[in-house]
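Record features (TrEMBL):
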- 28: active site, nucleophile (ACT_SITE)
- 31: active site, nucleophile (ACT_SITE)
- 28-31: disulfide bond (DISULFID)
- 1-102: domain 'Thioredoxin' (DOMAIN)
- 22: site 'Deprotonates C-terminal active site Cys' (SITE)
- 29: site 'Contributes to redox potential value' (SITE)
- 30: site 'Contributes to redox potential value' (SITE)
């Protein structure tokens, strides 16, 4: 299950390994569609950390990564952003992007 991150724990949570962060908003329809897909992937992919950030609650983090559209997923590898996906995407597309970083 994906862990919620905020301004305080974001940096330490993504600093090691491959991490996927779903930047979302509670009022966003496509975010609600993505949520079960994101949770499925978090249960299926060993060795990958899955996190969620509510952009309305973690404005500093959202600004740092220039999140202007939700949902936006960023893949981090050892703390560095290596890929970005914007909007609702099919599960297999998201999985392939993550697997490319393993």
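Heads up, the Cβ atoms here are built off N, Cα and C, so glycines get one too.
All annotation found in TrEMBL is predicted automatically rather than curated by experts.
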Recorded sites: 29, 30 - member with fewest neighbouring CB atoms within 10 Å: 29
Subset of recorded positions (28, 29, 31) lying within 10 A of residue 22 (site 'Deprotonates C-terminal active site Cys'), CA to CA, in sequence order: 31
Cβ-based isolation winner (fewest other Cβ atoms within 10 Å) among the active-site residues 28, 31: 28
Residue 22 (site 'Deprotonates C-terminal active site Cys') CB neighbourhood, other CB atoms within 10 A: 26
Where residue 22 (site 'Deprotonates C-terminal active site Cys') sits in the secondary structure, as DSSP reduces it to three classes: strand
